[in-house]
Each structure stands twice: as C-alpha cells, then as structure tokens.
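These notes are about the structure you will find just below.
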C-alpha cells in the first residue's frame, strides 16, 4: 500500500514538473486553472441560489454573473500571456501609483458593504482596489529586487525601502478597513525578500514589529476584537459574534466523508452568511465532503507548486524578475488560501478573503486570472531562454507567444 502511494506521488510529481518538451507553455498550469475555475462555477451556482432568489427573484443571477466573469477571466489570461515581462517591469511603478490612487478614490466614493468601503462601482461589476494593489505591489517588488539585489542582501536600507511602500498601502487599506489584504501583502513581501536573500535578523525585527502592530489594531478596534474572541470560542455566542463560524463548522460536520451531494446543502439556505463568497469552502465541504475538499486543496497546492517550480527555474537561469514574481505569486496563492480555509474551519479569525479562482467576485477573479497569465508568460520566456539562449529568445519574444509556438511546431 505504501509503495503504491509512493508510486502515485511520483507520477503526480513527474506530471507537474516535466511537461512535454516541444511545448512552449505550461499545459499543466492551464488545466489546473481551468479545473479550479469550473469547480468554482459549480459551487458558486449551488451556494448562491437562495440569496439570489431573495435579492433579485432570479435563482441563477449570481451564477450567470460568475460565468460571465469566468469568460472575461479567460480572455484576460489570453491577452496577458502575450505581454512580454519587460513591459510589466517597465510599468511597475506607474501601476503602483495607480493602485494608490484607486485606494484613495475608494475611501472617497467607495461602496460600503458590512461597514467596509472596499468597492468602486463600475456598472457591470464592483472594482476592489485592494486586489489591484496586491498585484501591483508584487510586480513592483520583483522589479525592485532585481534593481537593488545586492543592496537588499547587504544593507538594512535596501531591506526597508519596500517596507515603506507597503506601509503606504497598509495605511490606505486599514482606512477602509481591510486588515486581511494587508496581512496577505505583508506575508508575500516577507517571502519575496527572503527569496532575495535578506538577512535573518531583519526578518525577526520586521515580523516582531508587524505582530505588535496587528495586535494593537485588534485590541483598539472593537469589531476586530469581537472577531478574535468569537474565533477562539464561537460556541460561547453561537447566535451573535460566533454565528458565522458555528454555521460554517456545522456545514463541514454535515459533509462528513462523501458530502450531501451537489445542491443539497442546508447551510446555504441563508443560515450561513456569505455562502457564495468568503465561505464558499464551507458549502463545498457540506456538499462534496472530505473527498471534495481534499481534491480542491490538492488543485490549489498544485497551482502553488507550479508557481514555485517556475520561479525556481527562472532564478536558476538568471531571470530574476520572473523568478521573484513567480515565487511571490506562489506565496500569495498559498497564504490567501490558508486564511480563507482557516477562517472557514475556525483556525484563524475571519478576514474576508476570497478562495483563489473559486469564490464569487469579479475583481478577485480578474486579478487572479492576470496573475495566472503572467505566470504562463514567465514560464514561456524561461523555456525560450533555455532553448534558444538570451539573444534569440528576446527576438522570439517580440514576435509573441503564438509565433513562437508555430515556429516550434514546424521544427
């Protein structure tokens, strides 16, 4: 039995790390992304019917919107994968400034939901600037680490500069308030600096300061303190501050091993708030059980592993910008998943973060799709670099992804 498990694990590992040689894009990454998107559409459709019926009278209102968002996301991936990495590096600073402007705008005219002003109405969907800020920060940080690589490794000044940028974004995010997005940005920034080779004592100072700051933010903000206390013992107040978590835990309890079956969730009947957004994982657990939960988590793990694997290949070949950015994306996907799943099962306080590529929400899907498109582009350019060398790969980059694939097929 153990040998069979090892053989199965080795087959999966080989599938993830050794795609067909003639291919100049990562097929496995495409299939993993499509699998997560389709899973998200199915679960969002099931989880959103009761609330959609009450709010709009159209049972599949949110499901149809989510399907539209998915189609747009696929178009975004197809477009982004054509953009050379040099363009993202070139425009990383303007993108960061645009994110700061959007974060200021949302404080002035943003739409408030549950006491947090996080969305800018744009007609067909509500833009969440925090999602744009995540992507912009990680692209900017990857470019900074390339430009100041030796300084980051040698001096505290090089280490502290990106934290100053993060501090500006943190201030604007906490004004909304959106502590969850800040925590994701902070952890991803720490991970990227670690990959770049910053000193250990610098991390200890930064993490200690961050923990102290987050603790003060929780203590001096009543609603955050209620979230933490309800997370520690939700059953103490199951109809008040602990209501959402207790309903989520009951959903997992009902799911057991095999689940209740698609469409058979009880908690989605408006017992569990935000069933199709922040707590879609609980509905998934109730309807598909432990087996379904495990499959979805393995898919997300495969996505994280792919990003990390692509980043490692780039760093080994000297393509630092793509390497740092791919590793940053892997930390982002992993930690945001950890927080979302942890909140649903009571391991961490509720943070209002979506489950990557699964939860309902246009902004989250579009930004995650952009990140996947950039990952595909990073992998594509790394393969060109490995196959043709630096000079020839740059010439092929200028002709676009499709031309490169056509040339490869002719060979």
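Backbone N, Cα and C define each Cβ position, glycine as well.
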If Swiss-Prot is the reference, give me the range from 122-142, 227-247 marked as transmembrane segment.
122-142
Are residue 117 and residue 317 on matching sides of the membrane - judged by whether Swiss-Prot gives them the same topological domain name?
no
If you count every Cβ pair below 8 Å, which range out of 90-110, 155-175, 321-341 shares the most with the transmembrane segment (355-375)?
321-341
Give the nonlocal contacts of the transmembrane segment (290-310) in its own chain as ranges (CB under 8 Å, at least six residues past its ends).
16-17, 26, 28-29, 32-33, 35-36, 39, 255-259, 281, 284, 322, 326-327, 329-330, 333-334, 337, 341, 356-358, 375, 378-379, 382
The topological domain 'Cytoplasmic' (1-28): mean pLDDT?
64
Is the transmembrane segment (200-220) packed against any residues at least 6 beyond its ends, judged by a Cβ distance under 8 Å, and which are they?
156, 159, 163, 174, 179, 183, 186, 190, 193-194, 228
